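Visitor: Submitted below is the structure of interest, expressed as structure tokens.
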Amino acid sequence: MLRNYLDLPEILSQVYLNQYTILLVLVVVKLILLKESLIDAISKQIINDATCNDDNLQHILNGVHDAILKNIDKLQYSGIVFVVLILKTIRELTSFFIDLLLGTYVCLLTAVVVGTTEFAFDASESIIQAVNVTVVAAADEIEDGLRGLSNFINDLVTGFNAIRTFFTGSASTSDADLYRDRINLSLGNLKDKISIPSTVLMDIQNARNFSMNELENLNNETQSLVNSPFNLVINKLDAIKLEINRYDNSSLQPIQIRDACLQTVNRVQDSQTVLIKVVENVSKWFLIVLAIIIACSLAYAFYIELRRWKRLSEFINEGDVADSEVGYRNEHNIYDNALLYTMIKRFGISVNERVIWVISYMSSKMAGIVFAFGIIGIISAVLQLLMIYFVQQAVDDEISTMNNSNENFEMASSYIRSMNNYINTTQSSINDELFGDIIDTSTKVNNTIAEFVDNLDSAVHSIFGESIIASAVNTVVYCTIGRKLEKIEAGCNWLAENVKIDIPEVPSEILRELQNISFLQPQNLMENFKPILDLYRNSVHLELLISLIFLAVWALQLIIGLMILLARQGINASGAGGAGGAGGTGDAEGCDNYTDNKVILMRRVTPLQIGSPHSLTEKERQLYQFPISKPRFDRSSDTLSSFYPPTSTPGRIEYPLHI
């Protein structure tokens, strides 16, 4: 008889066509397509040299550069003119203030002093003249009286001498002359000493001619001292104003945008090369892993087919095969299912028939295809997501590297720093030249004011001395002049501390605007790869979702299987109840056996069919009185049965068929 089935070698010759290998090959194709697509997307020029040929931006940057320098020069000139005006105003106001205060109060003091001294001098002269007239007249009268008294006394003395001579009889003219000289009374020099000398009146006349020349000279000297430092600063500022462009700005050059653009192009192209290498390396390793998995799947398929052939052979040679179709199909199901065979036959695990049915339902050929599609789809999606992940990491690394060492950003930042340094240096130089002498000026003005106050005190003291009006004059001078001068001194100090030119630095907005220029920031260009990767990632997510749906459909078979079991159990229960009511148990038993395959109602209307022939079991041979010591299959000719003649195939024993 010609064999029309495939034996084991013929089956193994098609093992490479198993569904797992085919699906894995599709995964390889999918990865190759993804690799080529990523390389094509990465290789596209997101920037090229043509972008750097646009000179418009260079002209704009040059214009901004020149505008900044010109504005600095204009600001310097304006600042100098403004400061000169301020200094001239302060100088004139200070001179005017000093002249106003000091000149006014010199005039007032002169009037007060002159009026007071004139009154005092006139009174003194009148008193002196009156004293001289009165004292001299009195002295003359006293002199006349003394002379008369002296004559009287002398006459009296002469009489006394005559009487004494009369009585004594002796006469001496010398004694009479002696007494006359002693009794001669007169004011003599005392009369001249009583009158006030005429030199006093001469001194009074000279004192009338005093003046306030000291205060007037002090006013003029103070104005000259105060004006001198202001004049010095103003002259220096005028000289600087004429040389406003003498600061060296040759080291400041505008950003060369073309060079920066070419650097960006080269940097982006280098990053693209790195990303392409990452895609190639990752895909290469994934393809190697898939090749190993495919080889393993071939080995697994080879092993599965080999085991399946052996299981079928064991099933054919199985002696204890049930004598019913249900039992036969049950045994065939166990041998045909690798999982059930391993659990029951190899490990001897006792499994309920319903559990066996559920496992068979979920591991059927149709369900297995769905399961295989789901698993292989998940593997494919995971590999693609891993490839996209590695590319994403490479892009992030490149962007991070560019952020850490961005030459164009450093170029822009360096330009801004250089410009700000130039502005600060220029500002410092201008302030030193403009206001460097302001401190000296304020110091000189303060010293001048202090010297002026000292000289004023000396002048007032020299004029009024310890007179009764000296204290009042000092108080008036301090309240009217001294306090004002203290305010001037405080104003000079404030001027030295606060007057300066502030040149504004280049605003940070310009640096941010430079950062926003795309071809100056390669990391911004690299950000364009992220939307592409997101697009691929979304498509792979869709594939993963479809694969999960396949697995969900396969898992749904468990629910469907359990529902079928419950339906069969309900039908069996109703069929068993109907058969028992009819008075027989044979049908009920037949129904129980047959409900493992079909519905009872279908069995009643389905005609009986002759089953497939198979070898007799030991019980059947005993039933048919066959010797049980003979083998079931023996190709030798001496094992022929005496009951049945040999068939056309020599060496083959044909046993009765069990229908």
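Here the Cβ of each residue, glycine as well, is placed from N, Cα and C on the backbone.
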Visitor: Would you confirm whether, in Swiss-Prot, Glu10 and Arg417 belong to the same side of the membrane?
Guide: yes
Visitor: Here are some residues: Asn424, Asn572. Which is flagged as N-linked glycosylation site in Swiss-Prot?
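Guide: Of the listed residues, Swiss-Prot records N-linked glycosylation site for Asn424.
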Visitor: Given the candidates Asn403, Asn593, specify the residue that Swiss-Prot annotates with N-linked glycosylation site.
Guide: Asn403
Visitor: For the transmembrane segment (368-388), name the stretch out of 22-42, 286-306, 544-564 with the most CB-CB pairs under 8 Å.
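Guide: Looking only at 22-42, 286-306, 544-564, the most contacts with the transmembrane segment (368-388) come from 544-564.
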Visitor: Take the Cβ of Asn281 (N-linked glycosylation site) and count every other Cβ within 10 Å, whichever protein chain it belongs to.
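Guide: Other Cβ atoms found within 10 Å: 12.
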Visitor: Cα distance, Asn424 (N-linked glycosylation site) to Asn281 (N-linked glycosylation site), nearest Å?
Guide: 53
Visitor: Rounded to the nearest Å, what's the C-alpha distance separating Asn403 (N-linked glycosylation site) and Asn424 (N-linked glycosylation site)? Just drop the number here, would you?
Guide: 29
Visitor: Hey, what's the Cβ neighbour count for Asn403 (N-linked glycosylation site) at 10 Å?
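Guide: Cβ-Cβ neighbours of Asn403 (N-linked glycosylation site) within 10 Å number 12.
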Visitor: Counting across all protein chains present, how many other Cβ atoms fall within 10 Å of the Cβ of Asn424 (N-linked glycosylation site)?
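Guide: If we count other Cβ atoms within 10 Å of Asn424 (N-linked glycosylation site), we arrive at 12.
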